[in-house]
Structure formats: C-alpha cells, structure tokens
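A.B. asks: Provided herewith is a single structure, encoded as structure tokens, for subsequent inquiry.
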Amino acid sequence: LSNGYSDHYNNYYYNNNNNFEDHNYYFDYDKSEEGDLPIFLSQPQSFTVEAGQSVTIPCDVENVVTSKLIFKKLPASGGREKLLAVGNERVTRDRRFSVDGSRLTISHARPRDAGTFLCMFEMDPPIQLTHTLDVQFAPTIRALAPPEQQVAKDTTVILQCKAQGNPEPIITWSRQEGPLPSGLPTEQASDIPLGKSLTLKGVDHHVEGTYLCTAHNGIGQPASAAMTIIVEYPPEITTEKVRGRPSPDVTWTRDGVPVPDANMDTRLHLPRHHNSSNNIHMSLSRAAHRHALTINNVSEKDFGAYVCTAWNTHGQRHALIHMTGLPETPKVTSSPSGGERTRYSFTWQTESYYPITEFLIKYRKTHLGAWHATNRTIVMAGSWENVSRKVATKTVKKGSPYFMTFTITGLEVATDYVAVIRVRNKYGWSAESPHFAFSTKRAMAVLSSESGARSHFPGSYTSVVVTSLTLFLIHI
C-alpha cells in the first residue's frame, strides 16, 4: 500500500489520510507461494448508471489468501486516492457504500461518484483490478446574460447560457412570443468557453421578447433559462399605428396649425363642457394605445394636410394624412378579355362623398409595331386616345359608391390595348387608375349594342350622408 508500512512478521499498518477518519487500520498480508496467489475472475469493466440508481462493482477472486481485499477510488486529476473498504469493513463514512465480500455497492449514485475504482491485494508485487463508473445526470443551465436587457435599436446583443449535464447537453433557443427572428437557427454551437450563445444583430422592436435557452441530453427533464430583450427606439409611424419605447407623445396639426389637445369646436370655439356634444366639431382622444382625431359634420373647410407627430427620448417621427374632397382612384372591374370584335365595355367603381360629374378613359394599342436595332428590338406602342363623358347629376347620390360602365367602339379585331380611367367631382379629378390591359375578341361578333355612358347604383345600396370622420393612429 502507498500509505503504510510492514514489519518483519508480514503485518501491515495503513495510515488513513481520509478527511473524515482519524485512526489507522492494521491488517496482514501473505507472501504466499507463486501458485497460491489470488486471481481476479472479473475483467475490467465500464459501468454507466443514471444519478440516483445503484451500481455494484465486482471484484470476484479465487485462491483467497489471508490478505484482505482493498477497495479504493483513484483520483481523477491531481486529487488523492480514497480508501473505501478493507475486507468486509467499510472505511469511508459515506453510508451509501457497502461491501459484501468481493463486491462494492454504491446506492443512490451521484455525479461525483464517477471515476476509476481499484480492487487490490497488497502483495509483492500488488495484484489489482480496475473498473470505471460513469454517472449520467439531467442537465442544468444558467444564463450568463442579465435576465432583462434594455438595448438601443441597431445594436448587437449576445445572449449566453452555460449548461452542465452528462451526457453533454445540447442547447436550443426559442422565443416565448413566437419564432426566432428570421435567419436564426434554433440550435447553435459556440466556441465561447463560457457556454452557448445567440447573437442578435441590428436589433429592432421585432426581436423584442423573452428568449429561452434550453438544455437537453436525454436524461430527466430539459432545463431552461430565460432572458428578456427590450429594444428602445425612436417613434415609428405606420398606417394607423404609432410604436415606440418609452411610450411616445402624440400631437396633431392641420396645415401647420396645432390642433388643440381638448374637445373644441374649431369654428365656434366651444369649450369641452358645452352642453350639446353634437356641436363639438373637432376633438382629440386617447384610449389605451389609440390616438384619435375626430371631425364631426365634415365640410370643405376641414380639408387640408393633417400631420401626426410622435416623439420620445429617442427621437420623433411624422405621418401625413390628406383630407380632401377628391374622388378615390377608380378600380377597373371588367374582364380583360372582351366579348366583341370592335368594341369593349369597361366597368369600374370609385367612391366619392360628392357626386361624380365626369369621367375620362385613355386607351391605346399595346403594340403598334417593332423595329430592330443593334442587339435589341424596340416595340412601339400606339398613341393615346381620350374619351370623356359628363355624368347626369340626376343619376347620382351623394356619398354612395359609384359603379360605372362605358363602351368604346371602333376598336380593331383581335388587338391588345391598355387603358387608364379618371373620375371627377366638384373638387377636381381623381388619380389615374393603374394601367389596365384588355383585348378585343378574335372571333366573329354576334351581338352589337349602342355605346353610351351611365352611372347606376345597386338596389342594396342606399344614400349615406357622412356626418363625421375619424383619423386615428394606434401605438403599441
């Protein structure tokens, strides 16, 4: 033995250096004849158990001599060997260890029990057998980043976790609010010695949320750690939305003049507490995350450029909303394939609070001809033709959607055309519709009709008088 000495009568004295024992053990060993030496029947083995299970280390032997079988645990790296049992006597104070002849049993194995175990007879030379034990245990994980980080927009954020477990855990990433930001894998290996990491570059409000790093190794339940990212950024105004952190302040102007931050009749200057709410012409309100500017009894005096301004400590943004009496851009609803050889019937719809008084259709051939230049072919389109018609005011209804139709005659057979449509009310012309491609029929026509313009309204529509308008933006 390494910690002891023998006398001239083959008695051996062991100096116990374990932390918990303060006494020595004495036993003898036998310098037997060569044929009487003990022989281990077991072979070196590797044992794998999960934490909490029991395992038996076998050291079966024949030719048992008077020398006692010794059980030790060898140091892993830089430590000291630990004497566990001599013969049938347990030396360690850890009651989870028990010895029964040539077998050592460990109950409720712990991760620290993993290592190399030595069975030996103190002979000259020593006779010994080694076994290895691997104790697997469920993963644990901890975040190496703060549990909550407030970061500025466009910065880079690195989230890190450190996991332990046997086998070595795999770390996956997820976000409580939904999928990870686009382009990020759910599983990442990292060369950072402290653990696995997730890098978020150029962050904005879309990456906000609580991120989970989860370790799993097939033993027990996965373990997770959470880290929350809060992105601070200047206000961003989109259609009907105002976002920002800290929560932005919002103001309104019309044609550069501030809209009072109170319920106020901007024409009569009636205060908020005026008895009749119907007399309140323009009012501002905020409910939860919604900012609203409400205009009652809209008239042309209310037309203008309304600007919503939102700001916080990181900056400010503006959104422009035009209130106008012009008609909406027409939307062509007819089929691109015409049913007649030399004529085509357009149908379209638009919206206007005020009556439509006129429309304009511009059309031309898509391909008039082509000529070839060096390495390219140039296609020539036809020239624009204009057709406009007045709309009889007796057929229109104020505030209604307008469904209109008109038939163009004198077209060429089996020809492709493109057209745009505009409509007009007393405040002016609408924007042009998107280019609309259509074609005439390639077969003989069997039906003809008179051209003309008309404006009609389905029976399901009734006259609507707009008495108020609300412009609103929502911030989240």
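Every residue, even glycine, has its Cβ placed from backbone N, Cα and C.
Curation plays no part in TrEMBL annotations; they are all automatic predictions.
Positions annotated as domain 'Ig-like' by TrEMBL: 38-130, 139-228, 246-333. Residues or ranges marked as domain 'Fibronectin type-III' in TrEMBL: 326-443.
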A.B. asks: Taking DSSP states H, G and I as helix and E and B as strand, how many residues of the domain 'Ig-like' (139-228) are helix, strand and coil?
C.D. replies: 3 helix, 47 strand, 40 coil
A.B. asks: Could you give the number of helix, strand and coil residues in the domain 'Fibronectin type-III' (326-443) as assigned by DSSP?
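C.D. replies: The counts are 3 helix, 59 strand, 56 coil.
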A.B. asks: Tell me, roughly as an integer, the mean pLDDT over the domain 'Ig-like' (139-228).
C.D. replies: 84
